[in-house]
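Taking it in order: structure first as structure tokens, then the write-up.
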Amino acid sequence: MHHQQRLRANGGRGGTGLGAGSGPVSGGHSPLCAHCRGQLLPHPEEPIVMALGQQWHCDCFRCSVCEGHLHNWYFEREGLLYCREDYYGRFGDACQQCMAVITGPVMVAGEHKFHPECFCCTACGSFIGEGESYALVERSKLYCGQCYGKRSCQPADAKARITTAGKPMHSIRLVEIPKDATPGLRVDGVALDDGCPTVRITDLFCNFFLWLTSMAEQCCGAPYRIDVNLTNLHIGDRILEVNGTPVSDSSVEQIDKLIRSNEKMLQLTVEHDPVQVCRSCSQADIQRAMSASTLILPLSTSASSVEVGRERLYKTPGEQGTKARKLRQATNASTTIPPAAGATAMTQLKEKERCSSLSKLLDEQHQAQQHSAHPQLYDLSRTQSCRVVQKPQRIFRATDLVIGEKLGEGFFGKVFKVTHRQSGEVMVLKELHRADEEAQRNFIKEVAVLRLLDHRHVLKFIGVLYKDKKLHMVTEYVAGGCLKELIHDPAQVLPWPQRVRLARDIACGMSYLHSMNIIHRDLNSMNCLVREDRSVIVADFGLARSVDAPRLPSGNMTPGGYGSGANSDAPMSPSGTLRRSKSRQRRQRYTVVGNPYWMAPEMMKGLKYDEKVDVFSFGIMLCEIIGRVEADPDFMPRNSDFSLNQQEFREKFCAQCPEPFVKVAFVCCDLNPDMRPCFETLHVWLQRLADDLAADRVPPERLLHEIETFQEWYASSEDALSPTSQRSLNNLDELVKSAVDSEISPVEKEKENMVIKPQDIPKSPHLGKDFSPSGERLRDSMRARRRQRFLGAQEERRNLTPDTESKERALKKALKKCRPFGERGYLVDLRAGAELQLEDVRDLNTYSDVDSSCDTSLNYHDVNNLPAAQEDENTVKPGKEELLEESTNKPSNQESQHHRLAIDDMRTRLNQCRSKFEHLEEASRRNFNQSQHSMKNFFKTPPVALKMFQRLEHEAAALNGGNNCPPPPPRTQRINQTPIFGRKNPPVAIVGQKLQHAESLEDLASSGVAKQLATPAPKRSKATATTKGGQSSNPPLFLPPSLNISVALNSNGNVTTTTNTNSSCPPSASDWLPKKHKLTLPLPSAQQQRTSSNHRLPMCNNKGKTLKPLPSRTGSQGIPASNCVSPTRSSRPGSPTKHLAQRHTAATAQRLTNAAATHQQQHQQQSSKTTRLNILSPEKVHRLGARLTDQKQKMREEAAATASSVGGAGCAAGTAAGSLNGHRTIGSSGTPNSAVGERRRRAAPSPPVRTHFNTRC
């Protein structure tokens, strides 16, 4: 803190007059000095200084740095005393209250500065705003005007004052004076020999206030009194400011005129009692100062100008203090030393103090505190004397600057040209007119960045201005305008050497920025300013960002800034894998900011980026300078991937441009950020090119070769292709052929023209993650980028050349080192048994990719284990290589330490990856439980629509049952965290196939109508048997009722038939049986179906009964044999053995079902066609359901049309059918044995719907 000292000048009064808190000497104990801890003995020639509530010897009250006596000004910080020069030179502009360095707005009280939030009243705690009255007492206690007035009214004994002769305490106050009182104000100025002018208040002004006080007492009485202290003015007070304007360099006439011309309330900043007399000063200075009206002394006096020839009258009880103090105390302690010996000792004392250059600031505690606040300070104090400490940034007030013309206006603020009122310096004021939080944050960030920079090609920061409760920035003034105006001004002639120098200056400034770990992120031609000498500076750091990870120093870097291509082991880690590049160690996912015309592709796509985005912006600026064209894609040719169209740009704008300059622009605009050079390298290239062009020399081929081959050197020293790059094999033309040829072995030369198989290209070890753990979909997954690179490689391989094949081989070798273990993947195969199986996959690109929006919640086992032999090969070979490397190259201690650090870094990264994988596994485990239950429910309860196609499946299986074809290979689909089951197409629908309707009343009218099917269906009863007829290919037909067919078995085993008329055929059993009876019908095997189709007897029954006539409309259509049943099912038996017959029928049906199942199993083993229905996708189920609905609708329409056309014929046929005795069927037998078996079968009960049908008729 800063305080004002108080000195004892009362001579021989000894211990009287001590400050508050110290008290007089009592009880025989003398007080101790706060510095040397010596006794303060009462002596008339030994003054005692009282300050900060403590006492010092006058000789001990010195600056801790320069050892100068402190007379009227002193500063205290952390228990050490400083003079004003040393304090400001060491700590800069520090806040009076919190002792922190001020970097923003500032509140000034005299020469003491505060943060706005620290400028508050000590008594009430209220904040003191600009223009409000205040008082700074003892340079340490700040009061508002109201609290200071109350404190002044207190009794004198209640005031905590450090005083010597009853003088008031030192104070700096801001007072307000009414306009009517200004005519009585008189000022007087005195200039001493040191050139420090002062302006003080004369007694006329105070006499006026005394008169005003007396008049107020007479008019208003005793309760109302105007005290002079309340106005905060005293005789001899020093005026510091008038209405906020400093008066240090103003004359008395100017100040008097300013006071008289005031139309409002007059505000004065005054300093009360600023000077006290020090006994240690020379008498000549005192006499000269007393001759003037006021006394002004230098703020500090050096030790050489102070007379210290007197003897000290105290001894140091302890060993505290510096060596000089101990020597002085030991010399002055003895009073019996002769005068000659005393003079010799005093000379030695002075020499000892002169050689003591190490100050007390070098203790460990002080160093730690100082370096925490100022990290740029050096550890050794002796080196600080050799450094040139630059002048700290200034803090301006509104009255210091004169606003001039407006230079420009942007989205966040305005820019004005201002002139300093005193020095006449021309500067630029950037005002912020937006009050939102984002604008304030960006503005403060720009100020924080600029104040740390100091370079000739970077905009110079001068200071800040706090006006109207807003922060404004003051920078240097650049008269040339921005670079864009110079480029597009046709009146300006820009030769090629001048253009190269423009680019060189920008590269130099950006190289300095990147060395300070700052990314500009908004580099364009509008943010680069041109001086009058055509030099360029980089400006506008509102979007700049500090990089967290510092760049690692490169051990094998050439002066040009790139690695040596000969050292191929530099980028290898101890484990034999490629390290990550330095740029990718710094790469993070920052905000997308800047101008899109100059924005880098990785920033445009929202990927991770680093300082290389500034290199791409610089490349676009080089294209602007070369072609003097705007960066708008309408004028500058660009590609769809935001890169530069180099071929078109060269044809349009590079006719006369030097080739190295064009190459530099192209390499800066590379799509891969790792292939762009740093600004240090660019500055070296452009400097060499500028020197050659200035001397009218042709640029050497070596420079052009370095620029063209830079990418190979950079790739060999850092890393392979960046994962953020979208480049494929067609963009590898930049690789150097010499480096590739040097690594080709004889075995590889034999395989020169071999095409790389897809499974030979190693992939990323990460599974394609399209979703984050929180469920958000990623913008650009690794799987999509890998697929895109693979497709580009497939297209490129169609037209391979030896050149590209050699590059592919180099790429393969580099990728093999990066990803030696390939990528893990799974295949899902749904076989006939409906078992989910996973197969090992080493290459996922040969299979079709799936939609990334599928559910990723299914968990599966890890079955990607390599065979034992292959694993042995993969493990043994690296072991041999490691043994060879260890035997040939013995690493040194330094290399082993470097490898150890790399391993520790790798271990840390692996731990981070493991924690991420654990979170992903936990999330997938939770989702797996839900998906597992849903999958089980799906397999247990298939959709209802699947049951509708059960008969369709059996009919299709029966149709293809006779064809013995080999089983097709299992169909597999690629998955990546998502199972896809092998889907098989359903049985091919037969043309003209018609499915039966469910039983309903509207279908009863057409229940007797014939239905046509392309394939015969199995019969539903044991009582029916078929025999071979003359026309086996024609389907059986229902005959008219007048036709009776009787079947008899002769002695030769042949079947004889007798046809009679007046016989009717009942409808098919599948037409009138209920749904529950249909499901119990047996399913015959394919062999039985072939037998029944070969032995088919139409138009007859085995009882010799006549069949029911068929309507004329459908008489020509074929009816399958399954629609004709035995006559035992045509009518309900009336005998009491009805229940027994039904049970016999059920048992027979069960026997046939078992036999059919056995035949079906044998047939399934022999046949290659499975009869099990595959799991259909929802899309196929929907299509089959729609087809079923259409077929039902068509059947309803045909049934309605048939019923309307037949009319009464159907009713007559029904009446005739009801009069029969009910034992009619169409009988057929192929052999005598089958005929005998048919005789033993009993008839099924007649359908119950016949009586209801007859009733309706």
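Cβ coordinates are placed from backbone N, Cα and C, and glycine is handled just like the others.
Taking Swiss-Prot as the reference, the stretch among 366-393, 1010-1037 described by the feature region 'Disordered' is residues 1010-1037.
Here the candidates are SER280, SER535, SER1000, and Swiss-Prot annotates SER1000 as phosphoserine. When the ranges 1-24, 961-984 are checked against Swiss-Prot, the one recorded as region 'Disordered' is 1-24. Using DSSP to sort the residues of the compositional bias 'Low complexity' (1145-1166) gives these counts of helix, strand and coil: 22 helix, 0 strand, 0 coil.
Here the Cβ of GLU409 (ATP binding site) has 12 other Cβ atoms within 10 Å, regardless of which shown protein chain they belong to. This prediction places the mean pLDDT of the region 'Interaction with LATS1' (1-147) at 68.
A C-beta separation below 8 Å, combined with a sequence spacing of at least six in one chain, links GLY413 (ATP binding site) to LYS430, GLU431, LEU432, HIS433, ARG434, ALA439, PHE443. Cβ-based neighbour count (10 Å, all protein chains) for VAL415 (ATP binding site) stands at 16. Taking Cβ-Cβ distances under 8 Å and a sequence separation of 6 or more, the neighbours of LEU407 (ATP binding site) in its chain are VAL415, PHE416, LYS417, VAL428.
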